[in-house]
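The next block holds one structure in the form of C-alpha cells; read it before the comments.
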Amino acid sequence: MESVKMRTAMATKREYRRMEAGEEGEELGEAEWARRAEAQRQRRRRGQRYAFSCALFASLNAILLGYDVGVMSGAIIYMQKDLHITEFQQEILVGCLSVVSLLGSLSGGRTSDAIGRKWTMGLGAIVFQIGATIMTFAPSFTVLMIGRLLAGVGIGFGAMVSGVYIAEISPAGARGTLTSLPEICINFGILLGYVSNYAFSGLSEHINWRIMLGVGILPSVFIGFALFVIPESPRWLMMEKRVSEARAVLLQISESEAEAEERLAEIEEAAGLMKSMKSEDKEVWRELLNPSPAVRRMLYAGCGIQLFQQITGIDATVYYSPTIFKDAGIKSDQELLAATVAVGFTKTVFILVAIFLIDRVGRKPLLYVSTIGMTICLFLLGVALTLQNHAVGLMSPRVGIDLAIFAVCGNVAFFSIGMGPICWVLSSEVFPLRLRAQGSALGQVGGRVSSGLVSMSFLSMARAISVAGMFFVFAAISTISVLFVYFCVPETKGKTLEQIEMMFESGDEWGGGEIELEDTQHLIPSIKKSVPLG
C-alpha cells in the first residue's frame, strides 16, 4: 500500500512538473524546480503575513470590549464612592453594556452588507469613542448611563463584524488561528483594564475612575488608522460584483494565482445571484427563523456556543472578581485589584496556548478540555468560598484565599483554552455566505442577552444564595456545556467555508462520520472547466 502511495505521489509530482514546464512539455531541471519551489514558499509566507496583519488590525475592536470588562470591575469601586450609586445601579451599569451591544450587533449585520465589513468596524469605533468620552466626564449616574449605552452599541458593531471579516479573509488552514485573534485582544484588553485599575487606584476617588475609563479611548484611535491599511473582505467585494478588487485581495493572501482563482470561483458560486434578489434581507431572516435541518444545525452550533460561553459565568467572574476575592477574605482595595491583575495575566497567557493549538489539535478536543476544566474549577471555587465562610477554624484564612485565587485563575485559564476563542471561530465559520452576517449577528443575541442577565443579576442572586452558591450553579451549567459540545458541535478544522457548508448540508458529522473533501465537488464547478488558468 505504501509503495502504491509513493508511486502515485511521484507520478503527481512529475505531472505537476510537466504542467509547469514550457509549451513543449519538457520537464524542468532540478535547479529551476528548486527555484520555483523557493519562490512558492516565499509567496506563501508573504500571504500568511498579510492575512495575519489584516486579522490583527481587525481584532483591535475586541480590545475595546476587553478593556471595558476589565476596567469596570475596579472602576465601579470608586464610582460607588464618588457618585454614591446603589448596588442595583451598579448591576445595571455593569450589565447593560452586554444587552445594549445587541443593537450594534443586530444592525451591524445589515450595515456590514451595505457599506462593507471594514467601514462597519470604523463606525463602531466612532460610536464607542463618543460613549467613552461621555462616561469619562459624567457628573451623575444618568449621564454615565448615556455614555455606557453608546459605548455598548459601538462595541456591538465591532464584536460582530470583526469575526466575520477575519473568517472571510483567512486561508482555510489558518482560519482557526486568525479568527481567534479577537479573543486574544479581548484578553489583552481585560489585562490592560486590570492594570489600569491598579495603576490609577492611588489617585483621588473623583479622578481615578475617570482616567481609567478615558484610557479606553486610545484603542479606537488605532482602529481608525487601521482602516486605511487593511483591504475589504473579498467575499463582500464579490457580493458587490467588484470581481477585480476581490481577485487583487485574494492574490495577496493566496499561495499562487491558481489558488486565488480557485477561491474566487468558490466564492462566486457560493454568492450566486444574491444581489439580484430585491427581498434578500427578508429571505435571509425567513430562512433563519424558519430553518431547514441544515440551517437548524448551524444555529445550534453557532448560537449555542455563544450562549454557553456566557451562562457558565465568565463575565460574572471577570466583572465581579473584586467581590469574589472580598468574599474569600481579602480586605484592602489594593490587594483586591492586585489579585485581579493575576487573573487577567492568566487569561491572556492561556489564550496564546489556544491560538497555538486550535489549528493543530482541532476545535472539539479543545472544547472538551475547556468545558471539563471549567466545571472542576467552578465547583472548586464554590467549595473554597463555602469553607471560608461556614467552616471557620478548619483551615487557615490564607489557604482559603489562595484556593479561591487558584480556582478563579484556573477557570479563566480553561475558558481561554477553548470556550473563549473557539466561540469566535465557530460563530463566524458555520454559516454560509448568504447567512453569515445575519447569522453571526443572531448568535450575538443569545450571548449578549445571557451575559447581561448574568452580570445584572449576580449581586442580587449572590445575596440570596451566597457567592459560593452562584458558582455551584455555574458549575452545573458548565457540566451541561460538555454535553452540548458532544452532541451539537462538529469539527471544522482545516475545511474551507464552502466545505463546512456542505458538511452541515449532509449532516454526516453528527452521525459519527467525517465528510470527505470529494463530497464538495458538486458544490462548485470544476476549476479547470470554469476558470482559465493559462
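Just so it is clear, glycine is given a Cβ too, placed from its N, Cα and C backbone atoms.
Unlike curated entries, TrEMBL annotations are predicted automatically.
TrEMBL has this to say about the protein:
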- 50-80: transmembrane segment (TRANSMEM)
- 54-493: domain 'Major facilitator superfamily (MFS) profile' (DOMAIN)
- 121-139: transmembrane segment (TRANSMEM)
- 145-166: transmembrane segment (TRANSMEM)
- 178-195: transmembrane segment (TRANSMEM)
- 207-230: transmembrane segment (TRANSMEM)
- 336-359: transmembrane segment (TRANSMEM)
- 365-387: transmembrane segment (TRANSMEM)
- 399-427: transmembrane segment (TRANSMEM)
- 464-489: transmembrane segment (TRANSMEM)
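Of the recorded ranges 145-166, 336-359, 365-387, 399-427, the transmembrane segment (178-195) has the largest number of C-beta contacts under 8 angstroms with 336-359. If one looks beyond the transmembrane segment (145-166) by at least 6 residues along the same chain, the residues whose Cβ comes under 8 Å of a Cβ in the stretch are 54-55, 58-59, 61-62, 64-65, 68, 92-93, 96-109, 111-112, 117-118, 120-121, 123-136, 138, 175, 178-179, 181-182, 220, 223, 233, 424, 427-428, 436-437, 440-441, 444, 448. Taking every listed stretch (121-139, 336-359, 365-387, 464-489) in turn, the largest tally of C-beta pairs under 8 A with the transmembrane segment (399-427) is reached by 365-387. Long-range neighbours of the transmembrane segment (336-359) within the same chain, counting only residues 6 or more positions beyond its ends whose Cβ lies under 8 Å from a Cβ of the stretch, are 70, 73-74, 77, 173-177, 180-181, 183-184, 187-188, 190-191, 193-195, 197-198, 201, 317-318, 321-322, 325-326, 330, 366, 405, 408-409, 412-418, 420-422, 425, 493-494. Model confidence over the domain 'Major facilitator superfamily (MFS) profile' (54-493) stands at 83, taken as the mean pLDDT rounded to a whole number.
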